[in-house]
Structures are given as C-alpha cells and as structure tokens.
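Taken verbatim from TrEMBL:
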{"type": "TRANSMEM", "residues": "19-44", "note": "transmembrane segment"}
{"type": "DOMAIN", "residues": "37-285", "note": "domain 'G-protein coupled receptors family 1 profile'"}
{"type": "TRANSMEM", "residues": "56-75", "note": "transmembrane segment"}
{"type": "TRANSMEM", "residues": "87-112", "note": "transmembrane segment"}
{"type": "TRANSMEM", "residues": "157-181", "note": "transmembrane segment"}
{"type": "TRANSMEM", "residues": "201-222", "note": "transmembrane segment"}
{"type": "TRANSMEM", "residues": "234-256", "note": "transmembrane segment"}
{"type": "TRANSMEM", "residues": "268-287", "note": "transmembrane segment"}
Amino acid sequence: NCTRVTEFRLTGFSEDPGIQVTLFLVLLITYLVTILGNLGMIVLIRASPQLHSPMYYFLGNLAFVDLCSSTVIAPKMLVDFISEKKGIAYAGCVAQVFTFDLFGMTECFLLAMMAYDRYVAVCHPLVYHLVMPPKCCSQLVTGSYLVGLTNGMGQTFCMASLSFCGSSIINLFFCDISPLISLSTSDTTLSRIILRTSASLFGVSSSLVVLVSYVAIISAILSISSTKGKHKAFSTCASHLTAVSIFYGTSLFMYLKPSSDSSREDKWAAVLYTVVTPMLNPLIYSLRNKEVKEALRRLTK
C-alpha cells in the first residue's frame, strides 16, 4: 500500500525563534537589495543609449534571470521563517523545481554567451560589431532561454516519474531535484540518468565556453606590450569574470560536494547560490563598471 505524499515539509535552518528572526531580517534585506539592484540595472540599461550594446543587452537579461530565480526561492523561505508550518504542496514543489532549473540553466548559458562576447571584444575588436550584431545577440539570448526551458522540463519530468510514499521531509529550504530523488520510494534510475545527462550536456558545455573564452582572453592580454593596454583590456571583462567565479564556484560546491550526514554546509552553499549571488551581480557590474556609473550619473541628473 502506498499513501502518496501531497505535501512536503521543509526543515529550514533552525528551530530557535531568535535565530529565525535574525535570519528573516538578514535575508529580507538581501532580497530587497536583489529586487532594487536588478530592476535598477534593467531600467538603467533600457533608459541609457550609451548602454545599448551587446554586453549590456546580455547584462539586462542576466538581471532579469537573477530577479526571477531569487523570487522563486526567497519569498517562500521568508514566509517559512515566521510560520510554524514549513510545508509546500506537491504542485508548488513541482513548480519550484521547474522554475528554479529553468532560470538556473539559463543563467549558466547567459554567462557563457557573455564570456564569448568579451572574447570577441578583446581578441577581435575590429570586427566586433560584425560578429555580434543585434540579431545574433537576440538569437544567443533566445537559445539560452530555450536551453533553460529544456532543462526545467527535463527535471520536472524527473519529479513526475517519482513516487513519494514514505518520508515527506526535505532537508533544505526549497524543493530541489537532488534531495527529492533521494526521498523517493520508487526506482530512481531514470531520474538520475536524466539529472546527470542534463548536468553533463548543459553544465559542462557552458563551462567549456567560459573556460576557452577566458584562456584566449588572457593569452591576448599577455601579448599586449604596454601595461596601460593590458589594464584597459582586462577591465572590460573584470566584472564578468567576478560574476562567473561567484556563480560557478557556489554552484559547483553545492552540487559536486560529497554528501555527508550533516547538511548545514549544503544549506549555506544553497543560500549563496540562490539568494546572495543574484544580489551581488548588479552590485558587481555597477561598482566596477565606469560606463554603468557614468550612465547612472547622467540619468540621475
């Protein structure tokens, strides 16, 4: 006999009321900064003609994806901090898995497309506008969303094929496909194959684009004779390199870290990946980018 689970219980971080209030306030401020930062970046790029270039077109879409991905996770997590019943319905869990994997993989490929854009700008500046016309940029961004959609549908199919008849406790603060597979009482072979194939096909391919692009960029920068020229070339991709390091560093730690009995470190890695990184991206691009600061100064005037 199998009594299907209709609701999952999220364990959160702590049962201590004082710790919960503190975490609620900290993460509420983080989420508000995320909303303001990413919305501000989108508005600034659309309102400033000097930012109508391929690099900022990608950046605007990255801000939109960060805004959506954090909104999938943060509001529910904040509600759970002040609620006694930390539960999520099966349908809500499916929706969270779909949207989180959609926007997560989309961000992977947007960062890869931005790395390719920086490669063309640094290594082939004379033909930059021929290689990266508006139509090509639109196609690259559309392709990133389609890959994200494919990944989201694949992970949703994974969850739909699973049966949950035993424990309904997810030792995390949101629905992720990996703990759900571990929680299932049915045969998880197909789900694990889909998960690993998706991670290998999409994750590795986007990582290779970033890696190869930056190997070529660094090689081109080192070949420049003047120190001023090296600094100028590196400054064009410093913000993106910082964002890539944070995103891939936290995501690789989250998904490739060996499993252990205590998942406290996994939870904090997931917080960095799902809540903190979307907040940092607009700050990195606004604080380290002279064109963005100049556009903001003109717009405020």
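Backbone N, Cα and C atoms are what each Cβ position is placed from, and that goes for glycine too.
Just so it is clear, the model here is predicted, and its values are computed rather than measured.
Counted over residue pairs 6 or more apart, the CB atoms of the transmembrane segment (157-181) and the transmembrane segment (268-287) come under 8 Å in at least three pairs, which marks the two as touching. Listed as Cβ neighbours of the transmembrane segment (19-44) (distance under 8 Å, sequence separation of 6 or more from its ends, same chain) are residues 12-13, 51, 59-60, 63-64, 66-67, 70-71, 74-75, 77-78, 81-82, 271, 275-276, 278-279, 281-283, 285-286, 292, 295-296, 299. Across all of the domain 'G-protein coupled receptors family 1 profile' (37-285), the predicted model scores a mean pLDDT of 83.
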